[in-house]
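The block underneath contains the structure these notes are about, expressed in structure tokens.
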Amino acid sequence: MKQLQVLLVAGTHGNEINGIWLFDEWKKSSFLINTHGIKTFKVIGNPEAKKAGKRYIHHDLNRSFKEESFIKINPLNCERTRASELVNLYGEAGENPCQIALDFHTTTASMGSCIVVYGRRDADLALASLIQNQLGLPVYLHESDQKQTGFLVESWPCGLVVEIGPIGQGLLNSRIISQTKLILETLMEQIHEVKNLNLFFPNKLIIHRHIKSIDFPRDEEGNIDGYVHSLRQSKDWQELKKNDELFCKLNGEIIRFEEDEPYIPVFINEAAYVEKNIAMSFTKRELWNFKKEWKQALIDLIHQK
């Protein structure tokens, strides 16, 4: 049986420094975080961007994990080269193969703490269920968006993203650091419980399923000519109903939510998403029954069956 190994990543975006700082302190004092004896690799995702104090150098690292990127490595593209390096080092067939990847991020949006799952892989949903059951975190299921692909955790058999906010880029914050530490330790504890078959899975999982993303209002030249309405700003996870305010223009014009069914907005006014033409994303809150296939997939993965 292969040894269970977990990849822990901070600084996938170089200006999200709270996880990086926590990892640096952890390396100085190994007792700071309890990994329950599980072998972990603590990695700074994008060290070049960290040095530069930027989100990325050439291309968003968290959109660079695509098969074609690994086949045709561009030495002039820092992030695609780094994605290939990480997979070669820690991927399933890498030098230090890890079964689970946990990627720690921060956001400028008022998201609080949440888990992001990409697609519907059974092991991901099982682990997300465990952490939601322990900490009550919302789970954002990101899928069916062809404009946003190539996420880091998708290159591992099981992987979750942790998002914590709000926090400005390049700033340290005690609450963000404490939340990161708490979630990391809880995840490691739950993985340990699965390893020892001493676990309790919930019957339900609350999912916020991605529907679509919307852009800011723009003029004929493509420039942003409106901003998030004051009644919508910082209202992540709060239900949007028809005719609710979305955006406002300086002339007083209000752009309203026009969908017939209610949605839950997330990542409202996230600073890093402006370049991606995303003002916010819409989700639908759903209550899913926990499936035994999820549980078995996670157990089999951790026990290398």
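Along the chain as shown, residues are numbered 1 onward.
Glycine residues also receive a Cβ, built from the backbone N, Cα and C atoms like all the rest.
Among the features that Swiss-Prot reports, Zn(2+) binding site is placed at HIS13, GLU16, HIS105. Per Swiss-Prot, the feature substrate binding site maps to ARG55, ASN62, ARG63, GLU163, TYR273; the stated evidence is sequence analysis.
Swiss-Prot feature annotations superimposed on the structure.
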residue : record                 : DSSP (3 states)
HIS13   : Zn(2+) binding site    : coil
ARG55   : substrate binding site : coil
ASN62   : substrate binding site : helix
HIS105  : Zn(2+) binding site    : strand
GLU163  : substrate binding site : strand
TYR273  : substrate binding site : helix
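The Cβ centroid of HIS13, GLU16, HIS105 marks the Zn(2+) site; residues of that chain outside this set whose Cβ lies within 8 Å of it are ALA10, GLY11, THR12, ASN15, GLY19, ARG55, ASN62, PHE104, THR106, THR107, ALA272, given in sequence order. Neighbour counts were taken at the CB atom with a 10 A radius for the binding-site residues GLU16, GLU163; the maximum falls on GLU16.
For the binding-site residues ARG55, ARG63, GLU163, TYR273, a Cα to Cα distance of within 10 angstroms from HIS105 (Zn(2+) binding site) holds for GLU163. Listed in chain order, the residues near the substrate site other than ARG55, ASN62, ARG63, GLU163, TYR273 are THR12, HIS13, ASP60, HIS105, ALA272, each with its Cβ within 8 Å of the site Cβ centroid.
The full span of the recorded substrate binding residues, ARG55, ASN62, ARG63, GLU163, TYR273, taken as their largest Cα to Cα distance, is 16 Å. Taking GLU16 (Zn(2+) binding site) as the reference point, the binding-site residues whose C-alpha atoms are within 10 Å of its C-alpha, out of ARG55, ASN62, ARG63, TYR273, are ARG55.
Spacing of ARG55 (substrate binding site) relative to HIS13 (Zn(2+) binding site) is 5 Å (Cα to Cα, whole number). Of all Cβ atoms in the shown protein chains, 24 besides its own fall within 10 Å of the Cβ of HIS13 (Zn(2+) binding site). Under 8 Å, Cβ to Cβ, and six or more positions away along its own chain, ARG63 (substrate binding site) finds GLN148, THR149, GLY150, PHE151. Taking CA atoms as the reference points, GLU163 (substrate binding site) and HIS13 (Zn(2+) binding site) are 12 Å apart. Ranking the binding-site residues ARG55, HIS105 by how many Cβ atoms sit within 10 Å of each one's Cβ puts HIS105 at the top.
Proximity of ASN62 (substrate binding site) to non-local residues of its own chain (separation of 6 or more, Cβ distance below 8 Å) is seen for THR12, HIS13, GLY45, ASP103, GLY150, PHE151, LEU152, given in sequence order.
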